[in-house]
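Undergrad: One structure follows; several queries about it will come next.
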């Protein structure tokens, strides 16, 4: 694996690069484990290294979507606006559990607490709904990028927020119209959004949002959407 100098990067974020992500093939079958660092180096991504991830979309009881702006300390896509929470299940027994995507849902609960300070009891795994998966690849800069099969997870609940400033620069709840304005600003270069959020917003999100009371029709655990 290539050696990359991380001396100039945020120390807290560099520590997280040692976490072990779940390596998968293109059909989401586990084939091993590798550090977060190696999973996010473009040099490895170009050789086909692929890992499991998730994206949470949390809506409050007014059907507004919680967005976050990634902190400037983040190694990939710093300062970008994105969906509620995006991260990776780790290669440990609890988060490797594939039955009903329980491991991924446990990981989502863990990261909602770590990033947004949402108490664990407010988002138990059984209230995190797994819709489908998308497979995408994107570069953050010349060194770092993403190559993931991303589990799409929906939560509908009012929650307590206490964000970690090392993870999150800002957050807001948005209506559909407000998100459309945000996407226009991104298209005009006024703000930055993450590529996975842009992909999901342009393809699936508004259709799902229109049917928050009837999401079962969109549940598809067989197909992996190649983006």
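Glycine is treated like the rest: Cβ placed from N, Cα and C.
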Undergrad: Do you know which of 36, 37, 47, 64 Swiss-Prot groups with 70, 74, 87 in the substrate site?
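TA: Answer per Swiss-Prot: 36.
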Undergrad: Measuring Cα to Cα, how many angstrom lie between residue 87 (substrate binding site) and residue 148 (active site)?
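TA: Just about 10 Å between their Cα atoms.
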Undergrad: What is the pLDDT of the domain 'Nudix hydrolase' (49-199) when averaged and given as a whole number?
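TA: Summing pLDDT over the domain 'Nudix hydrolase' (49-199) and dividing by its length gives 97.
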Undergrad: Restricting the comparison to the binding-site residues 36, 51, 70, which residue's C-alpha is spatially nearest the C-alpha of residue 176 (N6-acetyllysine)?
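TA: So, of the listed binding-site residues, the one sitting closest to residue 176 (N6-acetyllysine) is 70.
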